[in-house]
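Q: Dropping the structure in here first, questions after.
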Amino acid sequence: MRQQQAGGVGDGVSPGNVPVCYYGPGGRVPSSLERRARAAEVLLRCAACGLAVLAAALLGADRQTRVFFSIQKVARYTDMQSLVLLVIANGMAACYSLIQCARCLVMAYIVISAVAAAMEAALIGKYGQPEFQWMKTCHLYKRFCAQAGGGVACAIAASVNMVGVALISAFNLFRLYGNSNGGGKATTTTMAGGK
């Protein structure tokens, strides 16, 4: 294996002919930037995990009983499939964050789609849909709707943190592979013996 200099002095190794760029003094990323990026990523991961657990707990424990004409009606999160999806997605995201600790966009997309579905159902519950003759129900189950709203708000915050983690992960990945004819220095490793 032979290492060639492509555009300057560098000491990175890449598989094949891919130029690897390091920016900063001495061809490296400044350690203060690296520490801040890692600290921000850990903070966002912990916040996303905590908020996902909180959202799943708030929604999973949400129930309210009302009496209508001597008939008891219980409102639970299982009455709306989008809230069930949101509880499952947040539970998965929390477990994934605790166990895997890998940089993956899939969980961010799952939680964002579950939040969108739950927000749609929450808005229908709050305002109804007169075109389809769906009546609003939040004036009947105020505590249930308030707790569900808190769970959805925590899920939104968790998804924002997951997107932040995904952005930091993407930055860490793509900063290594840049334009070798630009200002950055690149080192190329080739498997072949020729120039």
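Note: Cβ is positioned from N, Cα and C throughout, glycine not excepted.
The feature topological domain 'Cytoplasmic' is assigned by Swiss-Prot to 1-38, 172-195. Taken from Swiss-Prot, the feature transmembrane segment applies to 39-59, 82-102, 105-125, 151-171. The topological domain 'Extracellular' annotation in Swiss-Prot covers 60-81, 126-150, and the record cites sequence analysis as its basis.
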Q: How many helix, strand and coil residues does the topological domain 'Extracellular' (60-81) contain under DSSP?
A: 5 helix, 12 strand, 5 coil
Q: Averaged over the topological domain 'Cytoplasmic' (172-195), what pLDDT does the predicted model reach?
A: 52
Q: Sequence-remote contacts (6 or more beyond its ends) of the topological domain 'Extracellular' (60-81), Cβ cut-off under 8 Å?
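A: Beyond its ends, the topological domain 'Extracellular' (60-81) has Cβ neighbours at 87, 118, 121, 125, 137, 140-141, 143-144, 147-148, 151.
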